[in-house]
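Presented below is the structure to which this report refers.
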Amino acid sequence: MASRRSRRLGSLVPFAAAVVLLLLIASAAAAAAGSPDRAGPARPPLVLPLTLAYPNATRLPASSARRGLGDGHNPNARMRLHDDLLTNGYYTTRLYIGTPSQEFALIVDSGSTVTYVPCATCEQCGNHQDPRFQPDLSSTYSPVKCNVDCTCDNERSQCTYERQYAEMSSSSGVLGEDIMSFGKESELKPQRAVFGCENTETGDLFSQHADGIMGLGRGQLSIMDQLVEKGVISDSFSLCYGGMDVGGGTMVLGGMPAPPDMVFSHSNPVRSPYYNIELKEIHVAGKALRLDPKIFNSKHGTVLDSGTTYAYLPEQAFVAFKDAVTNKVNSLKKIRGPDPNYKDICFAGAGRNVSQLSEVFPDVDMVFGNGQKLLLSPENYLFRHSKVEGAYCLGVFQNGKDPTTLLGGIVVRNTLVTYDRHNEKIGFWKTNCSELWERLHISEVPSSAPSDSEGDMAPAPAPSGLPEFDVGLITVDMSINVTYPNLKPHLHELAELIAKELDIDSRQVRVMNVTSQGNSTLIRWGIFPAGPSNSMTNTTAMGIIYRLTQHHVQLPENLGSYQLLEWNVQPLSKRSWFRDHVVSILLGILLVVLLTLSALLVLIVWRKKFRGQAAYRPVDSAVHEQELQPL
């Protein structure tokens, strides 16, 4: 279970002057853009599979108009999000900085406005996934020189940044500019952008495995704002997180076609520097909680933050929600949570199958100001108990004494969330994020763009039918969010678990290949026919693949989450009588050779023994005369 401290909403340090500046810029941009519902010019979107302005923010050139959502051009580049929300506390994507490029695993965070990585000169940085950024090795790096619009270092030669977060972690360093690449499948070419080169980390930022933060919030240093100001993408981005026990997902920078049944809520950029929505009511099992609608509009309102793990409600709303859910699950036993440091509200006896949780736990509706509703299934407000099988805990907590409503990643699992900044609205579409492209009828393999980095494999689609032949072998490529040294002792246990979940014999599942990939492990499994049979029917193979692609395999907490990357079937090879019986023939030949050698050995021993014995003669028998030899 992720630390309860994983609330990465940026700290509101004093920044009155910056707020005024931000309001002026937002007003000017809105006036230039015209009607907020009018679509802006289409730009090639950047698709990454699956984060206010501050007093020391560097001023970038203002654009005469903001770019809209686009006219529905297909996304043509994608990189998956990695890791798992509840196991790791965050999702990461891969970003490549410099020439030649240096790779980093960055947490996608809609509540942060700066993208930063550890610098080679960092004096207080933790041990992270990748080597630190070395400016001297990049031929395209340049420092952001000190100017009147930024906070300068002690030598007054370079601009600096500093960020503090709600969980009491912080990051500070200098600002630099370099080429950023988004993967070889990106239609967007590499772009120059400003980023932070860390010199100091504290708290969770120091101890986390990920290298740094990819800031997607509103602010001039945000990677989104920089790309939009350059006019290379539309003013929109989307996130789609995988479901419970699945992990991964997709991120899209730029416009993409909105599904017709996507529900929207207005998002007011003037009200708050964070991405907010107009939440009016919460319904549990179809019944509205007895709350004043203004409770969700206090302080910053209702904020979406992809860098936060769970959901946090004001005290009165949390108590009402907790009581409503508890009253609907009287048949379940209340138990203690997995972490004694927290008073989690947990229930045992719900079963392991996530798809059947709706039969036990109530559905929840979030009602927006425009009357549209977003349905939350149990996986959107529960997390799995890590120590008791079939038990789940509420992933919704009280936000201390803070009246802000904070919605983290758990609320939008298996939900495509589109941050349409141009039209000041946020859209929600319930879907299976591992099958996003198939459900949107978008081509799965886009064209490539120039980049010296490697892209990621797309999630494996569900089977739509197999060729008509008897199957001799099914191969499955699975990426597990656990390092190989930690996973190696559990490979046999994992094979038995997969066999159990697929309802097949454990001897049918074998490891064919294992590859270490940083903080994850790529395993190729082979699923063989049962018993003496050397093939399985097309129907049997289809059932196995379907259960895999629908994520029926659920890993225990210590084995992390997984992504199904690719599956393949191999037909039963047509072999001759000799190939089918080659083992029997070889065994027969070996047996004949052993018998022959044994017979020869017995004969040799018998003959030696016979020669060693003197022939028997009677006492009075004649003896051949022998000549005496002289002394």
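Just so it is clear, glycine is given a Cβ too, placed from its N, Cα and C backbone atoms.
Heads up, TrEMBL stuff is auto-annotated, nobody curated it.
For reference, TrEMBL has these:
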- Asp109: active site (ACT_SITE)
- Asp305: active site (ACT_SITE)
- 91-429: domain 'Peptidase A1' (DOMAIN)
- 1-30: signal peptide (SIGNAL)
- 582-606: transmembrane segment (TRANSMEM)
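Same-chain residues lying 6+ beyond the ends of the transmembrane segment (582-606) with a Cβ under 8 Å from its Cβ atoms: none. Around the Cβ of Asp305 (active site), a 10 Å sphere holds 25 further Cβ atoms from the protein chains shown. It is 7 Å from the Cα atom of Asp305 (active site) to that of Asp109 (active site).
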